[in-house]
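For reference, TrEMBL has these:
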TRANSMEM  7-27  transmembrane segment
TRANSMEM  65-85  transmembrane segment
TRANSMEM  130-153  transmembrane segment
TRANSMEM  195-219  transmembrane segment
TRANSMEM  244-262  transmembrane segment
TRANSMEM  269-291  transmembrane segment
TRANSMEM  297-315  transmembrane segment
TRANSMEM  322-340  transmembrane segment
TRANSMEM  352-377  transmembrane segment
TRANSMEM  452-470  transmembrane segment
TRANSMEM  482-504  transmembrane segment
TRANSMEM  548-566  transmembrane segment
Amino acid sequence: MFRVFSRFYPTIFGLVFLAGWIGNAFFLQSTALGIALLALWLVLCGTLVGRAAAPQEHPALQLPLGAWLLLSGVMIVGAAVYYAWLYPPELAFALAFLSVPISLWLGNGTHRSWVARFTHDLWRERAHRLNGPAAAAAGACLFFLALAVRAFADGATTEAIRSAWLVVDPSAFVALFVAFALLAALLLRGQGRAIALPLACAALFAFLSVAALVFPLGFGFDPFIHRATMDHVVQFGTIEPKPFYYVGQYALELFLVHAFSIPVLASDVWLLPILAALLIPPALYGAAAHLTRDRRVAAACAFAAFLLPLSSFIVTTPQGLANLWTLLLALFAVPTLMGFERPRLPLLALGALAALLTHPIAGLPALLFVALALAHVAGAGRFKVASRAAFWTITVAGSVILPSAFVVNALRSGTGPGFDLSALDPARVVEALHLGLFLQNGFRPLLDFAELWAQNGFAVVLLLAALGAWKSRREGVMKPFLAMAAALGINYLLLSTAVDFSFLIDYERQNYAQRLVPLIAFFLAPPLLVALAAVCTRVRVSPIGIRVFAVLLAAAIATAALYSTYPRHDAFVVGHGINVSQGDIHAAYEIERASDGRPYVTLANQSVSAAAIRTLGFQDRYWGETFFYPVPTGSDLYQVFLDMNDAPAKETALRALDVVSASCEAGCMRELPTSVFFVVNDYWWQSDRIVEQAKGTADDWFAVDGGALIVFRYDAE
C-alpha cells in the first residue's frame, strides 16, 4: 500500500495544493494560508524540478537547486510578459497553476520516491542519528537563536538612530555566540546533518533578520523606491516609463502578491533574507560534498556562510537578489565543472538570466561565468584549442565589461561617467586596492575583534581561497571561478580609478566599485570550501582542546561578522546610515498639508525623501526627470540641499525651482511649483547653526515632533 502511495504521492500532493490554492487565490485570500501554500509549492515543485535537473543528486540537494530554477523561471517568464505587455494578476495565477503539471511532467520517471528516500536517510542511516548530547545541543542552539531574535524584535524603534546596535540589548550577542558555537560543534561533528543543516538555515535567518525586526518602518533608501514601484504595478499592472532593470525582482514579488495573497510590504521586507537563509547553507553543503567527497566534512563547510559578505542580503533590493542568484549559480555549477553533469550548464543559464533581469552589475558577471564554464567544459572534449581561445577571450572581455557598460550608457544618454585611462597611475591603483591589514588595538577586546574581522575578513577569504585553489590545482575545476574573480577584480580597479562618476554625490562615487567586492567573494566560494574542508579535516582528528578552540573561534568570527554586517556607530566608525523615523513620516505629511494642494519642491536628506516616497508615492510627482524630493544619486536637487546646509539663503532655496524649470524645457503637463520646503533633522551636522540661519531667511517655518525636524518654507515672489 505504501509503495502504491509513494508512486503517486507527487500527483496527490499536487492536487491537494491546487485545491487549496484555488480556494485561497479566488475566495479566501488569506495571507497565512498563502504562506503555507507557498511553502508547499516550493517543496513539491522544487523537488520535482530538482529531480529532473539533477536526477542522481540527494533529495536534500535537489530541493534547493529545483527551488532556485523554479523561481528563476517565474522571474524570466514574468519579466518577459511585463516587458511585452504588463503584469496582470492572471499571469501569476497561470504561472502558479501551470507550474504543478509541468513540474510533475519534468519529475516523472524516478523509481524511488522522495518520501521513501528522505525517511530512510533521516531515520535509518547512522550518519543522521543524534545521540543524547547532540540532540540537547541542537535544542539549545534553537533556544538561543530564538532568544536573539526576540532581543532584536524587542529593540524595534521608530526613532532616528545611527545603528541598530544602539537599541538592541547586548545579551543578543551572547545568545548568538552560544548558538553559533553549538552550531559549529554540530557541523564539525558531521553527523545529524538532517538536523544540523536546518539549524544552519535558522542561524543565518537570525543573522539576516536584524534590519527587518529593528526597523519596522523600513531601512535604507532603495527599498522604499522599489516598494512604491511595486504598489503601483500591483494596482495598474505596469508603470511608465518601464524600468530596464530590476524587473526580475518585481516579477517574483508580483507572483507572490497575486498568486499567494502575500502583502507587498511583507514580501518586500522578508523575501531576500528568507531566500538567502534557506538556500545558501544547503548550496554550500552540496558544493562542498562534491568537492571533498566526504559529507561529514562538507557539513562543517556550511559554516562558510558566515565568512561571506552578507550585507547585501539584509534588505530586499534588486542588487541583493541578483547577488544571491550569482552566489547560488557559482555553487550549483560545481558538480557540472567536476564532470558530473548535474545540472547541465544550459539550466544554470536560467539562473544567470534571472540575475541579469534583476540587476546588471551581478547579472552580467553571472552570464559571463556561464560562458566561461561552457568554454571550460568544452575544453575537455575535441575542441581544446578553440575552447581555450574562447575561454581567455571571454575572460579578457569580462575584465572590462562593467566599465564599458557604464560608458556606453553614458554615451547613449548624453550624461554620466567618462573614461580616463591616465587615471590608472600606480598610486591610485594601490590606493584602490586597500592593501594592508588592520591591526589597531583600542583596548576594547570585543569591539577590537569585531573591527579586526570587519577590516580583514575579505583578506582572510582571499587567502583561504588561494589555499583552496592551490590544493585543487591539478583538477582544473577552479579555473572558471578564479578567472571570473580576476576579471571582476580588474573591473573593480577600473571603476575605482578610470571611470569618472563625478556626476554623483561624493559618498556615492565608490558605490558601484564596492558592489563588486561581494561578487568576487562569491565566485571564490568553491576554492574557499576546499580550504575550509582541509582545515576541518585536520581539526576533526585534533585533540579536544584544539577542537574546542576552533569551535569558539568560528563562533566569535560569526558574531563579529554579524556586528560588522549592519551599520555601526562606535569608537571606530561614525554611523551615517540613519533609518527612516516616524518624525520623517510626520514631516512628509505636514509639508503636504502646508502646501494646500499646490505643487512644491522639498529639500531634505534621503531619510525624509524615503519617508515621502513611502507615504505619498511618486506617481504624478515628477517634472520631467526631477522628483519633488531629492534622490541622492546625483540629483541636482540634492546638491541644492547640500548648499542650503552650508549657507541657508532664499536665493539658494529658490534655485530648486530653476532645476524644475530646466527639466521642463521640453514641456511639462503639471503646473510648476512656486514653493520650496527645506527640512533640517536634529541629528544633521551643525543642525543648530543651520536652523538659526534659516529662520532669518525663510518665509515661514514650523517644528515637527517637538523639534526633531524643522521645516522652512520659501515662496517665489
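Glycine is treated like the rest: Cβ placed from N, Cα and C.
Keep in mind that TrEMBL annotations are predicted by a computer and have not been checked by a curator.
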Are the transmembrane segment (297-315) and the transmembrane segment (352-377) near each other by the rule of at least 3 C-beta pairs under 8 angstroms (pairs 6 or more apart)?
no
Can you name the far-off residues of the same chain, 6+ from the ends of the transmembrane segment (548-566), with a Cβ under 8 Å from a Cβ of it?
163-165, 173, 176-178, 180-181, 184-185, 188, 203, 207, 210-211, 303, 306-307, 309-311, 314, 449-454, 457, 539, 542
Can the transmembrane segment (130-153) be said to touch the transmembrane segment (195-219) if we require at least 3 CB pairs below 8 Å and skip pairs under 6 apart in sequence?
yes
Would you say the transmembrane segment (195-219) and the transmembrane segment (322-340) are touching, if the rule is that at least three C-beta pairs must lie under 8 angstroms and be 6 or more residues apart?
no
Positions on the same chain near the transmembrane segment (452-470), where near means CB under 8 A and six or more residues out:
307-309, 437-439, 478, 482, 485, 517, 521, 524, 526-532, 534, 557, 560-561, 563-564
Using a threshold of three or more Cβ pairs below 8 Å, and leaving out pairs closer than 6 in sequence, do the transmembrane segment (195-219) and the transmembrane segment (297-315) count as in contact?
yes
Restricting to the same chain and to residues at least six past its boundaries, which positions have a Cβ under 8 Å from a Cβ of the transmembrane segment (195-219)?
60, 128, 130, 135, 138, 141-142, 145, 148-149, 152-153, 155-158, 164, 167-168, 176, 179-180, 183, 186-187, 189, 227, 269-270, 272-274, 276-278, 280-282, 285, 299, 302-303, 305-306, 310, 313-315, 558, 561-562, 565-566, 579-582, 585, 610-611, 614
Cβ under 8 Å, sequence separation of at least 6 from the ends of the transmembrane segment (65-85): give me the contacting residues as numbers and ranges.
42, 45-54, 57, 91-92, 95, 99, 103, 238, 242, 247-252, 254-255, 275, 278-279, 283, 286, 325, 328, 332, 343, 347, 350-351, 353-354, 357-358
